[in-house]
Every structure is written in C-alpha cells, then in structure tokens.
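J.: Sharing the feature lines straight out of TrEMBL:
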- 29: active site, nucleophile (ACT_SITE)
- 32: active site, nucleophile (ACT_SITE)
- 29-32: disulfide bond (DISULFID)
- 1-105: domain 'Thioredoxin' (DOMAIN)
- 23: site 'Deprotonates C-terminal active site Cys' (SITE)
- 30: site 'Contributes to redox potential value' (SITE)
- 31: site 'Contributes to redox potential value' (SITE)
C-alpha cells in the first residue's frame, strides 16, 4: 500500500531500515498520474523489499523545497534517513525494479 506523507509523518517514514521510495508529485501533473499505477504495483508486489510513499508537492511545499524538487514526478530513495538516489520523470516498472535491486545490492 502506498503511504501518503505529510511533514509530520515524513521523517519517520524515511528513517526506516527498509528502503523507502518517496514520489514527489502533484495532481495537475500528467506524468505523475501515469506513475501512480506503477507505484501501486510496486507497493503490492515488492512490499518485502521497499516501502512506497508519496508527497503531494502542492500540499507539502516545505518538503519539496527541502529536497530541491523543481521537476515532478521525482522519486527519491531513502534508507535510515539518508537520500540514496533520485529518479526524475515517468519510467516503466522495470526501470524502478532495476533501481531497487541495485540499491539493495543485487
């Protein structure tokens, strides 16, 4: 299940030992809406490897500014509070699976 984060819940989500991917998005963004089903699928099929979260940049501008989000969708991978990699734009599921496997050392 994809978790929707706010500034109040963000830090706890990225502090996990588990790899966490955070999608910075907005409702008006076409590529963001296309990415939604891809992330839903990853959340269902890879929940043992990665937590999937979303941040609406229109509602959480402070978080978007903190991570210098200037283009969306932007997925940032975190583990133990550290940003590991950013991935910009729409991509198919296979690309994200490859990134996840690389970050998990496979």
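Even glycines carry a Cβ here, placed using N, Cα and C.
No curator has checked TrEMBL annotations; they are predicted automatically.
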J.: Have a look at the active-site residues (29, 32) and report the one with the fewest Cβ neighbours inside 10 Å.
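T.: Result for the active-site residues 29, 32: minimum number of other Cβ atoms within 10 Å at 29.
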J.: Helix, strand or coil for residue 23 (site 'Deprotonates C-terminal active site Cys')? Use DSSP.
T.: strand
J.: For the recorded sites 30, 31, which Cβ has the most other Cβ atoms within 10 Å, all shown protein chains included?
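T.: Most Cβ neighbours within 10 Å: 31.
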J.: By DSSP, what is the split of the domain 'Thioredoxin' (1-105) into helix, strand and coil residues?
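T.: Going through the domain 'Thioredoxin' (1-105) residue by residue, I get 38 helix, 29 strand, 38 coil.
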J.: Take every residue in the domain 'Thioredoxin' (1-105), average their pLDDT values, and give the whole-number result.
T.: 97
J.: Of the recorded positions 29, 30, 32, which sits closest to residue 23 (site 'Deprotonates C-terminal active site Cys') by Cα distance?
T.: 32
J.: CB neighbours of residue 23 (site 'Deprotonates C-terminal active site Cys') within 10 A?
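T.: Residue 23 (site 'Deprotonates C-terminal active site Cys') is surrounded by 24 other Cβ atoms within 10 Å.
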